[in-house]
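J.: Dumping the structure here so I can ask a few things about it.
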Ligand SMILES: Nc1ncnc2c1ncn2[C@@H]1O[C@H](COP(=O)(O)OP(=O)(O)OP(=O)(O)O)[C@@H](O)[C@H]1O
């Protein structure tokens, strides 16, 4: 073997070795690169898996979150709904409690109110009872006073009426229609005296007061007690006041258009028709035939007395003038007055016959004093027995002689005027009752033995009026006659109040005619007052007359059924 190696070979071998190494390295690299790629792939795959998982996980988390949120939301909704229901329920409960309490409270309040109402009603009843008792006591005192001869005075304040405004708007200041007369209690009337630039001065008068709202019936109820003694005493009711103050309304009543034959409707009837009805009611309680009634109606016009029931031979009204004759018994009377039973029809005709004339206050002013007299003849029990005996005898005669006469004739016998009353009877003016003509009068027992008479005088005085109010001529004469007769009445009352020895009854025909009514009767003066400032002077004058009348201490009226000796 050669020792010597070729270098080339050696190199080539080395190269070869190296190349081999290189190739194996390259292969190794390639292998590693492949592994690497595989690893990358795996990594990528794992990453993508990881991402996928991550995504999945986050998705699941999101879903879970959403679910949780949804759950939370539902929970909230449910809670809310529940709380609304609870709230509603609570409210319902609160409301129910409230209603319960309110009902209970209302019940309690009702009960409380009921108790209070009952208590109030009770106290009102007590007060009314007290008031009634007080009124009764006052009436009794009044009646006792009357028995001692005093005059009862009432005051009626009329309501404000349209004519109060009309006049004041045209001719006077607006304040003239202001109400100045006020009833402040049952028995007190107050007048506010208004003078420009001066403080209001109030004057108080004490009478039994009828307020403007009082009905005719209410007024009559207050007057009625006086009539209970009518069958034993003379009674007189007279209305006094200024023109337009409501005297005729109070005494006669108001006539509305369309009312049957001018007779006022029941509620509007005044004292005259009501007193007549009361009189007949009182008589109806007495034994049959024991009483009879005559009516006379006269007016005092321009200081002359006229019989409003007088009729001529044809039966037409004549308004006959009459003379006053004083009899031995001191009774003043008007002769030739007729009697009648149909009181209401007579009353309805009176107004047409009575002197009327419009004045500055109202259109239907009465220019005369109207005096309606109801004379009640009462028979003593002996006379009644005698009368019955006579009737029985007459009946026997009648049955034998077939004689007939009217009941009116019989009544004429009873109601004939007494021997003590020297009356100038006129047959002509007594168409329905003529004692002189009656065939049944004989034999007639003397009235003093058989019966006594009482009189109810109902007087509607003419209204006082200012002569300065623009009237002239005949109207001025009428006004001055009215005013003079009223001042004569005032003088009589003053003389009585001062207990003067001479009472000037004869200063006027009015006081002369009314002498017995003022001197020997239970007298009630009804003061009628207009409420407004326009008539304040006249109202004060009227109330002044009432005050004077209340001061009168006259002798007690005589009881008419007492024996003549006792008189
Ligand atoms: N209390 C009253 N309620 C309603 N109206 C009344 C009242 N008083 C009076 N009148 C009315 O007032 C008017 C005048 O009344 P009335 O004729 O009675 O007055 P008088 O005082 O009689 O007047 P004169 O004296 O002038 O005749 C009438 O229309 C009447 O109806």
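Backbone N, Cα and C atoms are what each Cβ position is placed from, and that goes for glycine too.
Whatever TrEMBL says is automated annotation, not expert-curated.
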J.: Per TrEMBL, which of 110-137, 138-165, 166-193, 194-221 is coiled coil?
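T.: Going through 110-137, 138-165, 166-193, 194-221 one by one, TrEMBL flags 110-137 as coiled coil.
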J.: For the domain 'Kinesin motor' (150-552), provide the mean pLDDT of the predicted model.
T.: 72
J.: Give the sequence-ordered list of residues that share a chain with residue 247 (ATP binding site), lie 6 or more positions from it, and have CB atoms under 8 Å from its CB.
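T.: Counting only residues 6 or more apart in sequence, the Cβ neighbours of residue 247 (ATP binding site) under 8 Å are 239, 240, 241, 366, 460, 461, 463, 526, 528.
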J.: Around the recorded ATP site, report the further residues of that chain (criterion: Cβ within 8 Å of the mean position of the Cβ atoms of 241, 242, 243, 244, 245, 246, 247, 248; site residues excluded), sequence-ordered.
T.: 158, 239, 249, 463, 528, 530
